Each structure stands twice: as C-alpha cells, then as structure tokens.
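Annotated features, as they stand in TrEMBL:
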DOMAIN    35-177  domain 'VOC'
BINDING   Glu99, His127, Glu173  Zn(2+) binding site
ACT_SITE  Glu173  active site, proton donor/acceptor
Amino acid sequence: MRTLLERVINLKTHLNLSANSSIRRSHIASQQTFRLNHTMFRIKDPKISLEFYQDILGMKLLHKMEVESAKFTNYFLGFPGSNQDSKSSSPLHREGVVELCHNWGTESDPDFSGYHNGNKSPQGFGHLAITCDDVEKTCAYLEEKQVKFQKRLKDGSMKEIAFIQDPDGYWIEILGNTFFD
C-alpha cells in the first residue's frame, strides 16, 4: 500500500504533466484559422495564360513573384471582391486564389509538349470550378471568346454544368450559384 506521501507526489506529478500538456496544446494552430488559399498550375506561356485568366475570366493579378535563382515566376490571381481578409491585401489572406507557375523557357521550347492536366491517364487532379449567376449567358460569352469547351451544357446528362479548358488544358467547371440549392 502506498503511503500518503507517495500519493501526494504522484498526484503532484500528474497535475504538472497535465498543466504542461495544456501549455503545449495552446501552441498548436487552431483549425478555425485554416483556409484553402490557392491551387497552383504549371503553365507554358504566361502571356497567353494571364490573358485568359484576366481578360476572359475577369481575375485580377494579386501578386507576382520572380525567383531568379530557380528560373521561375509565380502569378497569383483572384476574383475582385472575393472573400478577402480586410486586414491585408496579401493574396495569402484570401480564398480561391489561382497560382500560375511559369518555368522560364517553356514558352519557346519546341520540344516542350505541356504539363499533365490530371484528366488524362493516369488520372489525378480533376478541375477548378467557377460559379456564376447565369450559366447559359456565361457559356455564350465563353463561346464568343472562343474558349475551348470540354463539355457544353447540352452535352451529357448533367445539362446544368459545363467544362472549359484553360490554355494549358486544365479543366474549369462552370456552374450556377444556386446549383446546390
């Protein structure tokens, strides 16, 4: 049988460990501060890709980051007025950002055939999705701009969604804001 002193020491040790555990837990990041910030695509030609994302889709260039030592440039784009943290203009304080990564020289390399878009075998990444107020009008606009369609509204069984391709062949789904209502 343990003595009273042994039980007090054991209890004190246990309380100290619990206190230390609480202290350690307070240094763990809160999941409530997590956000899905950006998705990165490798692109062949920034001039063509930026024109597509900015001029056709209406995104805004939020930040450009050149890394000379590694010979690449990242372009961060987002829709104007999207859920941005009002405390900062940094693209890291937003959600739904697209990062386009250009490895220098790919735009002029005749042997460069492009990147895997994830939808050809072996499949992996699928697509981005953009919502809009009127899918039919949006698709008509994209047709006007001669954007390549992967699936038009009239194709297949799901008549309320369409898929387009960006200049590098990445798929972008187009669906209405009320799709899940």
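Note that Cβ sites are derived from N, Cα and C of the backbone, with glycine treated the same way.
Note: TrEMBL annotation is automatic and uncurated.
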According to DSSP, which of helix, strand or coil covers Glu173 (Zn(2+) binding site)?
strand
Going by DSSP, give the three-state secondary structure for Glu99 (Zn(2+) binding site).
strand
